[in-house]
Amino acid sequence: MLIHDLVYWLSEHPSIVGFRWSHTHSWGSTWSFLFSSIAFYLAFAIVVHLFLSLLLSPDRTVPLGPIPAIHCLSMALISTLISAGILLSSVAEIRDTRWFWRRSKTPFQWLLCFPLGTRPSGRVFFWSYIYYLSRFFHMFRTIFTIFGHRRLSFFQLFNHSISTFMSFLWLEFSQSFQVLAILSTSLVYAVVYGYRFWTAIGLRRACFPFVVNCQFVLLGCNLACHVGVLMLHFMKGGCNGIGAWVFNSVLNGAILLLFLNFYLKIHLGKTQESVKIIKHHPCSSGNLEIQLKEKNH
């Protein structure tokens, strides 16, 4: 009974089945909203950072109490909900629409490559919309970094802005690849934010750079999926939203290069500057600074 109710509320509810991405009925669905919200996020983060720099000395932080831990727990629960919803909805969509594309694609190929003419409606795109909205809640982590570490990270600003922009493109152009991207990202975020909540309440940290390695695995999976989409596009007669996918690939490539640069600094850098980067970087799990100091000795 519990499983049946779960399936209903996550994939068979009329609001989910009948969802349609619309500029008039979906909140935050216009280009003007997207660009203005990202611009506000960037401006607000910069202003807060400059304001604190004028009022406080560089070594002073602003205590936030349990707020970051509550945010981490909330993000872990939201990410778990999205991953469960997109998984159950994908199974239901494959069941209901397979007659349309089964001669040209397998279910796994459908997850990577939507048939041409796919519209942003139905179960999968409902959860894609929820994922898009969750990106705005995710942005609060930048404010916590500014208050808690007194550092404004270009990578964090770029990553949050681009992630929000890409999730908008998925909906606007019914872009292929988004199902696996949402599923893998939500699963990783559920684990990462669960771990951050675990450490925020004072429990023991992992003995290795947990968060950074999770991010590295996620980027590697996304890269493999992008290659799969490209192959299917030329071998199976085209994938829907391929123009948006090309732009998405360029942005993902930029994020990958920035992350690899940071990852190499962690494993190859032995200077105090490397320690400082690891200590304040938004992807760090906190124990990396200790590891590098031990390596130096």
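All residue numbers here begin at 1 and follow the chain in the order shown.
A Cβ is built for glycine as well, from the same backbone N, Cα and C atoms used for every other residue.
The transmembrane segment annotation in TrEMBL covers 31-56 (among others). Note on the transmembrane segment (31-56): residues 62, 136, 139, 142-143, 146-147, 150, 152, 157, 160-161, 164-165, 168 of its chain, located 6 or more positions outside it, place their CB under 8 angstroms from a CB of the stretch.
Through the fold, the transmembrane segment (68-88) approaches residues 6-7, 10-11, 16, 124, 126-128, 130-131, 134, 137-138, 140-141, 144, 148, 179, 182-183, 186-187, 189-190, 193-194, 196-197, 200-201 of its own chain, all at least 6 residues removed from its boundaries and within a Cβ separation under 8 Å. Residues annotated as transmembrane segment in TrEMBL: 68-88 (among others).
Summarising the annotation, TrEMBL assigns transmembrane segment to 108-132 (among others).
According to TrEMBL, the transmembrane segment annotation covers 177-198 (among others). Tertiary neighbourhood of the transmembrane segment (177-198): same-chain residues 69, 72-73, 75-76, 79-80, 82-83, 86-87, 90, 111-113, 124, 127-128, 131, 170, 206, 210-211, 214-215, 217-218, 221-222, 225-226, 229, 239, 245, 248, 285, selected by CB-CB distance under 8 Å and a gap of 6+ residues from either end.
Residues 105, 109, 112-113, 176-177, 180-181, 184-185, 188, 191-192, 195-196, 239, 245, 249, 252, 255-256, 259, 262-263, 266, 283-285, 288 of the same chain sit 6 or more residues outside the transmembrane segment (210-232) yet have a Cβ under 8 Å from a Cβ within it. Annotated transmembrane segment per TrEMBL: 210-232 (among others), in sequence order.
Annotated transmembrane segment per TrEMBL: 244-264 (among others), in sequence order.
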